[in-house]
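Only one structure is covered here, and it is reproduced in the block below.
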Amino acid sequence: MKQNTQANPLDGLSKDLIEHLHQTQRHADVVAAVPYDLDEHGKYTEGYLLLTDSRLGHFRHRDGQWMHEWLEVGELDEATLVEGLGMNLLQLMADGRLVAEYRFTLQHSRELGRFHRHLEGLVHGESHQEQDEGRPRHGDEQRGRCPKCDRPIPSWSEVCRACMSRRKILWRLLDFVIPYKDRAIASFLLALTMTGLALLTPLLSRWLIDDGLGAGPGKQANWAIVLMSVGGMLGLLMFRAIGQWGQSRLSGEVARRVARAIRHAVYAHMHRLSLDFFAKRQTGALVTRVTNDTERLWSFTASIAIEMVLAILTIVGVGVALFLMNWKLAMFALMPVPLMIFLTAFFHKRLHRSFRQQWHRWSQMTAVVADALPGMRVIKAFSQEQREVDRFEERSTALFDEERNYIRGAKSLFAPTMMFATSLSTLIIYLVAGWTICSEWSMVQAEPKTATMTFGTMMAFLFYMNMFLRPVHQLAHMDEQLNRAATSAQRIFEILDTEPRIYTKADAHTPDTIEGRIELRNVSFSYDGVNKVLKNINLTIEPGEMIGLVGPSGAGKTTMVNLICRFYDVIEGQILIDGVDIRDYDIGELRRKIGMVLQEPFLFHGPIGENIAYGMPEASSEEIITAARAANANNFIINFPDGYDTMVGERGQTLSGGERQRISISRAILHNPSLLILDEATSSVDTETEETIQKALDGLTASRTTIAIAHRLSTLRKADRLVVIDKGLMVEQGSHDELARKDGGLYARLLQKQQEMQSYIALQT
């Protein structure tokens with residue numbers, strides 16, 4: 001039985017290719033097809049992959065003809081889809097070797113995902129239903145292109161921005177309101193009560209005018225009625241004032257709590273996301289979402305949402321009152337409402353598009369500031385202050401232009417047109433009610449009961465119409481605020497809906513201790529999904545062994561330790577610690593067993609003591625001092641006036657590079673890891689400081705599995721074994737002496753170059 005992923009797999013194929021298939025009698029066998037548009041050199045081409053129940057066909061258009069070849073699916077071991085930033089790659093393996101490789105631009109991601117899923121199922125003997133029940137694989141349509149609009153979905157998101165329903169997005173805010181539903185309901189009931197009380201005021205005004213002031217047919221002025229009606233209005237006013245005070249307090253408290261919950265949810269979710277998410281985003285844009293966007297949603301929750309509901313209820317309530325009072329006049333008075341609805345719908349999309357563009361410009365401007373401030377030392381060192389000011393001015397001007405277009409366009413037209421439409425209702429009431437009163441005047445004098453319209457009724461009608469038009473006008477203008485809130489909510493839920501690519505399994509392994517045996521089995525990795533940074537690495541590190549990673553810049557050394565820390569997952573092979581795949585470990589527990597000392601240690605703004613205890617906040621002062629002494633940091637720390645309470649400034653800029661590094665080593669010592677990673681720990685300090693740091697590292701590496709990366713090869717002499725990496729391949733391994741004596745070896749060449757450089761520097765000095 002054939003499996004089909006499309007209604008007709010030949011749809012979309014070129015006519016000449018379909019004719020070619022008919023000529024070869026293979027058209028009836030095709031169950032899936034996908035176009036590919038890049039050749040082996042990355043140049044554009046025209047081709048298709050066609051799949052039958054047993055064969056994979058490769059069709060390529062060359063010199064006006066279709067050339068083709070077929071592969072037997074049963075001979076394939078694996079069909080791997082590698083996602084890249086600029087293209088996708090389909091690799092076919094048989095007998096452990098690469099037999100075919102096809103390249104696709106991202107516009108075919110959706111079709112390619114379906115095709116790959118079908119092909120992979122055939123390779124592994126799975127049915128189409130079994131594939132659908134499993135977890136989506138790389139290239140699934142939900143991660144390629146939107147199934148609704150066919151737009152590409154960004155690699156950092158799980159959702160299509162163009163198809164995100166703003167109404168549904170705002171409804172999702174209720175998830176944050178539910179924990180405070182008691183206060184929210186109380187606030188809503190108070191607002192509803194005040195709205196109901198407001199409906200009584202026009203009735204009292206009609207009673208005052210017609211019966212109290214004697215404006216009604218056959219009526220005489222009555223001071224008692226005047227007092228009672230005015231007193232009733234005063235009482236209603238007082239109740240409404242008290243109710244509004246309570247409602248404002250409750251709604252404000254709920255809104256603040258909701259905003260805090262959203263901020264916490266967004267910030268916490270960011271920390272769960274993988275490093276590749278942050279590599280593709282600007283810091284300023286993320287800061288804007290945590291701050292500005294959540295503040296915008298606070299405003300929406302505090303006032304707009306409740307006002308919107310009350311406005312709708314007011315419109316319904318007042319509308320009923322208008323028809324009960326005089327249905328004919330109500331029909332005339334409501335004639336401009338369809339015009340208001342049309343205007344609101346007309347400007348709705350334009351406003352939303354404008355707000356989205358404004359927020360994009362705002363994020364770009366914020367990103368410039370967030371990028372420049374941490375690099376102020378570099379900016380001043382190269383005298384680039386004016387360049388950064390110009391860069392900021394460029395982004396600021398772009399934001400200004402967007403806001404100016406908004407003001408000159410939709411905003412400036414929307415308000416006056418809505419004002420004109422709402423004012424028409426008042427004029428219609430004056431006209432119709434005035435004509436009715438004038439035409440009935442003679443009959444009213446003779447027979448008061450025949451009057452269908454009185455001055456009091458007309459004034460009450462005007463009151464009600466004002467109450468009706470005010471929420472209509474508010475709703476029209478709320479559309480602007482609603483669009484702003486929806487845009488912010490969309491940006492926030494984009495983050496919340498992005499799933500981390502590195503996550504802990506439900507039945508994760510959580511050992512109390514680990515011995516530190518590390519195995520890399522056929523490990524390959526690529527950041528972009530196409531160019532492999534590591535290729536088929538096989539390495540075993542025994543517990544307590546110190547391994548030195550050596551190689552030119554960009555060889556893949558740091559990538560290897562990133563994989564061991566599981567900042568990224570391998571695309572091929574596996575990494576095991578103590579015989580367990582690191583993907584089966586609890587991520588938090590795994591990283592708590594690993595200590596890292598980086599080339600550029602990151603210190604947080606705060607006291608030195610807190611920075612040392614960052615990985616172990618519960619550490620006592622004695623433990624912090626002991627760790628600092630072991631790292632040869634205690635002496636310079638106690639020389640500061642505030643000692644361990646000395647503030648280090650942002651990124652530790654008040655300290656020297658060597659001081660920052662020793663604090664970083666103190667942090668690692670206090671952490672007491674089972675595995676230690678040293679990434680260029682002494683490369684950015686002078687020789688004397690390096691000697692001090694090296695002594696601290698000697699104590700730290702004792703009896704621990706250690707992986708050290710260094711360009712200064714002399715610092716790795718004490719390593720039990722050196723592993724040489726070049727262009728992603730492990731080319732050599734052995735002790736320092738063994739590799740130094742190896743003729744033509746990469747390590748020997750690197751060592752010789754360093755010795756020559758040191759000799760040259762010595763001669764110059």
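From the backbone N, Cα and C atoms, a Cβ is placed for every residue, glycine too.
Residues annotated as domain 'ABC transmembrane type-1' in TrEMBL: 185-478.
What TrEMBL lists as domain 'ABC transporter' is 518-752.
What TrEMBL lists as region 'Disordered' is 125-147.
Taken from TrEMBL, the feature transmembrane segment applies to 188-209 (among others).
The transmembrane segment annotation in TrEMBL covers 221-239 (among others). When Cβ-Cβ distances below 8 Å are used as the criterion, the transmembrane segment (221-239) is approached by residues 194, 197-198, 200-201, 204-205, 207-208, 211-214 of the same chain, each at least six residues removed from its ends.
Here TrEMBL flags 297-323 (among others) as transmembrane segment.
Under the heading transmembrane segment, TrEMBL lists 329-347 (among others).
Under the heading transmembrane segment, TrEMBL lists 413-433 (among others).
If you look at the transmembrane segment (453-469), the same-chain residues 6 or more away from its ends with a CB under 8 A from one of its CBs are 198-199, 201-203, 205-211, 215-217, 314-315, 318-319, 321-322, 325-326, 329, 333, 422, 425-426, 429, 433-434, 436-437, 440. For 453-469 (among others), the entry in TrEMBL reads transmembrane segment.
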Remote residues contacting the transmembrane segment (329-347) - C-beta distance under 8 A, at least 6 residues beyond either end: 319, 322-323, 410, 413-414, 417-418, 421-422, 424-425, 428-429, 432-433, 436, 453, 461, 465, 472, 475-476, 479
Contacting positions for the transmembrane segment (413-433) when only residues 6+ beyond its ends and CB under 8 Å are counted: 328-329, 332-337, 339-340, 343-344, 347, 351, 453, 457-458, 461-462, 465-466, 468-469, 472-473, 476-477, 480
